[in-house]
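Student: Handing you a structure now.
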Amino acid sequence: MRTLWIMAVLLVGVEGHLMQFENMIKKVTGRSGIWWYGSYGCYCGKGGQGLPQDASDRCCFVHDCCYGKVNGCDPKDDFYVYSSENRDIVCGEDNPCTKEICECDKAAAICFRDNMDTYQNKYWFYPSSNCNEESEPC
């Protein structure tokens, strides 16, 4: 029951394109992004500090850095256009800013897929108090 409540809380914060990111992760990895990466390590989920705990957490660190470089639109709210065939994602948009958001999400989804074997349950709902190290630059 507690897990269902936690998942409901995580879903409340999912707006705009973040649901697109969830769907993209699902298409590329076959996993729910919210369930597997909504609160993982030091960087997956809301916020981020310290050092990435493993390659899966590093995917989120790099994704955060990618979002930090986006100018002119809001990576968490603006919608983008993409298509998928099998597990391949193609970002297609006339707007360069929203295309950039899509490319950030695509890179993260592929990173999750390529690093699924590094995922460790001990980092699921990892306490942020364990993320005390000085963060590395993007």
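Every residue, even glycine, has its Cβ placed from backbone N, Cα and C.
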Student: Which cysteine out of C42, C59, C60 is the one Swiss-Prot pairs with C44 in a disulfide?
Tutor: C60
Student: Among D64, D74, indicate the single residue that Swiss-Prot lists for the Ca(2+) site containing Y43, G45, G47.
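Tutor: That Ca(2+) site, as Swiss-Prot gives it, pairs Y43, G45, G47 with D64.
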Student: C102 has a disulfide partner in Swiss-Prot; which of C91, C97, C111, C131 is it?
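Tutor: Checking Swiss-Prot, the candidate bonded to C102 through a disulfide is C91.
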Student: Given the recorded Ca(2+) site (Y43, G45, G47, D64), which additional residues of the same chain have their Cβ within 8 Å of the Cβ centre, ordered by sequence?
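Tutor: So the extra residues in range turn out to be C42, C44, K46, G48, Q49, C60, F61.
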Student: Measuring Cα to Cα, how many angstrom lie between Y43 (Ca(2+) binding site) and C104 (disulfide bond)?
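Tutor: About 15 Å separates the two Cα atoms.
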Student: Just to verify: the residue among C104, C111, C138 with the fewest other Cβ atoms within 10 Å, which of the disulfide-bonded residues is it?
Tutor: C138
